[in-house]
Amino acid sequence: MTMPAKNYASTRFSELDEINEENVKDLRVAFTFSTGVNKGHEAAPLVVENTMYIVTPYPNILYALDLTKPGAPLKWAFRPNPEPTSQGVACCDVVNRGAAFSDGRIFFNTLDGHTIAVDAETGAAVWNNKVGNINIGETITMAPLVVKDKVLVGNSGGELGVRGWVKALDAKDGHVVWTAFSTGPDKDVLIGSEFKPFYDSDKGEDLGVSTWPPNAWQIGGGNMWGWISYDPDLDLIYHGTGNPGPWNPDLRPGDNKWTAGIFARDPDTGAAHWFYQWTPHDMHDYDGINEQILLDMDWKGKPRKVLVRPERNGYIYILDRTTGEVLSAEPFGAVNSSKGVDLKNGRLIVNEEKAPRTGKLVRNICPTASGVKDWEPSAFSPRTGLLYIPHANLCMDEQGVDVNYIAGTPYVGMEVRMIPGPGGHRGEFTAWDIANERPAWKIKENFPVWSGALATAGDVVFYGTMEGWFKAVSARTGDLLWQFKTSSGIIGQPVAYRGPDGHEYIAILSGVGGWAGAVVSGDLDPRDRTAALGFAGVMADLKDVTAPGGTLYVFKLP
Amino acid sequence: MKMRTLALLAGVAILLTGCQREERDTRPDPVKGAGDQAVPVTSLAPGGERPVDTDAKAARFADNAFHMSEGKRLFDWFNCSGCHSRGGGGMGPALMDDKWIYGSSIENIHATIRDGRPNGMPAFGGRVPDDQIWELAAYVRSLAGKSSKAAAPGRNDDLMPHPSENRLPDATTLGRSP
């Protein structure tokens, strides 16, 4: 458990099988811990050598709990004291998605743009490097990934005209080894002789400049606030790029490279190897930063190294991760903003009827700006061949408006109000049969499922709901096997670990918030349906069923 | 026929003179950064309550239909709406409810916009002309139903996220948090 995604392939699959379909009904609380923070808890707990590490939302406290003692008492707490003003430039609650462990150190990011290395044993800071600037709207919310001797970090700020980047910091002293921007000239994007994209639309010089109106790329977004995977055999990292800014597409004609896509890069130099754009000239805030699950599997009778991406625009993409070729793209939720993906040229087929324009109100666009699936990571079980995807079922009305760029303030230019999707339920938990390109089963949830998923070798899958239920379902059938009501809504990432006593434990952070839960954690007024970038109105009743407050829950068998 | 026209004209003349016309300050002070008055953000004061200072400008801008409608326009122009949406909040707190972290008077709101606040509100003083900050402050009060219904802005021409400002209830009467 040295990284939130469990492994470099990001399967979030635990080999532990002590807790299984038969006995999961007996799960009970082993211990709890209050984080003392009332914002959205999106992080995954880490467990390394009998210590559990949790990082909270702003003020980004790093707690270490001693698992060898009864009740897992606090070993130490590290308080980085980020600048309070950073809360004013965080687009969608002041979340943090977790820490990473490597070589005796815990690495994590703070909302005000610092990457910090802390000694895992003593809790003393080893190094602290400020890589983001809140005065231009830059924050950091993502969980870093350590690959070899480098800590990979990306920025947030796609709603504030922040130019996206990924940086590699030296794990020893924190100095920046390379920076790869998501927009601008090839030398800034680290596109060179090794760059061999599969599709023609990604070939050409300085496309990160020429696919934008003059200079718009400088405030064009493409932020990397999500997940990175790594293939040690190919020695490539994979990371998405966020939405182009501003949201109003009329203000930035062109494909807006290299936003809303995915890069394969050399971890040592950052050099781009290939790129694929999920959503060229994105019109709906379809950030491309979700997790990518790296699998070696038979695809149509041939062994392939694939990359599976449940994407915000509503499709599950299967890519050949050596070349960036799209092998499959099937919708896994309600989609009408596009009509599929043309597998000949890899391009998303846009539905112009659902294109928002300045001054034009377009109704019932599916999915919403938050996508069929947002950041909340899915899990893959090799035992079932299914991908377990937590996601939403929402649509929206949109109207483009003019917007001024003022550094450090929002740069969106879109009025949004969301509505429940077809069927009226706002969330779904889908088990997707990757090989057969279809859902195996689906669970409907009242609210969007904003927590991550965990699959275990006991054929149990865990996830949480925004009302606060922590659920265990059968990996094969989706039948509910056990549930526990936590103190607040759940938007965290469940993990399984083997405790010092040799037994399997399941851990989850409860504490509602995030974009979907901002109506509660930010105490917003849902009478304004456009509040929280359109999310508040459709979540108005969340205030009636849960309240903010961060608590760690850890479960075990009796 | 002629008599009827004359009577109509006379009627219109009486109507016009009978109305009290709101004064329109169409060329507000372009000077940036004025308004350096200190405004306490708490009513607690050592030694007992203190008289509340009022700014001379406050009366000129509060409840003035023209200034509130200008404030509504500027609310978008300066990206206030980016954080506070149409009053429901988002990156910043809601403005249409009855929770005022730094005070609900027009002087308090003016100071909040001018000087910023430590948990994320940027300081717009020196970047936005002072009179426009007063217009914004006057408009913000209308979002919470705290200004005259006769003067608050009416319906939008485009997407209506909530009832128009002149139909929003006074947030203090809502009784509970929405």
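Note: Cβ is positioned from N, Cα and C throughout, glycine not excepted.
For A:6-327 (among others), the entry in TrEMBL reads domain 'Pyrrolo-quinoline quinone repeat'.
In three-state terms derived from DSSP, A:R97 (pyrroloquinoline quinone binding site) belongs to neither a helical nor a strand segment and is classed as coil. Annotated pyrroloquinoline quinone binding site per TrEMBL: A:E42, A:R97, A:T141, in sequence order.
Within 10 Å of the Cβ of A:C92 (disulfide bond) there are 26 other Cβ atoms, across all protein chains. Summarising the annotation, TrEMBL assigns disulfide bond to A:C91-A:C92.
The Ca(2+) binding site annotation in TrEMBL covers A:E159, A:N243, A:D285. According to its DSSP assignment, A:N243 (Ca(2+) binding site) is coil.
As annotated by TrEMBL, active site, proton acceptor applies to A:D285. Around the Cβ of A:D285 (Ca(2+) binding site), the same chain contributes A:G158, A:N243, A:W247, A:A369, A:S370, A:M414, A:L533, each under 8 angstroms and 6 or more positions distant in sequence. The secondary structure of A:D285 (Ca(2+) binding site), as reduced to three states from DSSP, is coil rather than helix or strand.
Annotated domain 'Pyrrolo-quinoline quinone repeat' per TrEMBL: A:444-506 (among others), in sequence order. Mean model confidence for the domain 'Pyrrolo-quinoline quinone repeat' (A:444-506) is a pLDDT of 98.
Within 10 Å of the Cβ of A:N243 (Ca(2+) binding site) there are 28 other Cβ atoms, across all protein chains.
DSSP classifies A:C92 (disulfide bond) as coil under the three-state reduction. Listed binding-site residues A:T141, A:N243, A:D285 compared with chain B at a CB cut-off under 8 A give none as close ones. A:C91 (disulfide bond) sits 15 Å from A:E42 (pyrroloquinoline quinone binding site), taking the C-alpha atoms as the reference points.
A:E159 (Ca(2+) binding site) falls within neither a helix nor a strand when secondary structure is assigned with DSSP, and so counts as coil. Listed in chain order, the extra residues whose Cβ falls within 8 Å of the Cβ center of the Ca(2+) site residues A:E159, A:N243, A:D285 are A:C91, A:G158, A:G221, A:G242, A:P244, A:G245, A:W247, A:D287, A:A369, A:V412, A:L533.
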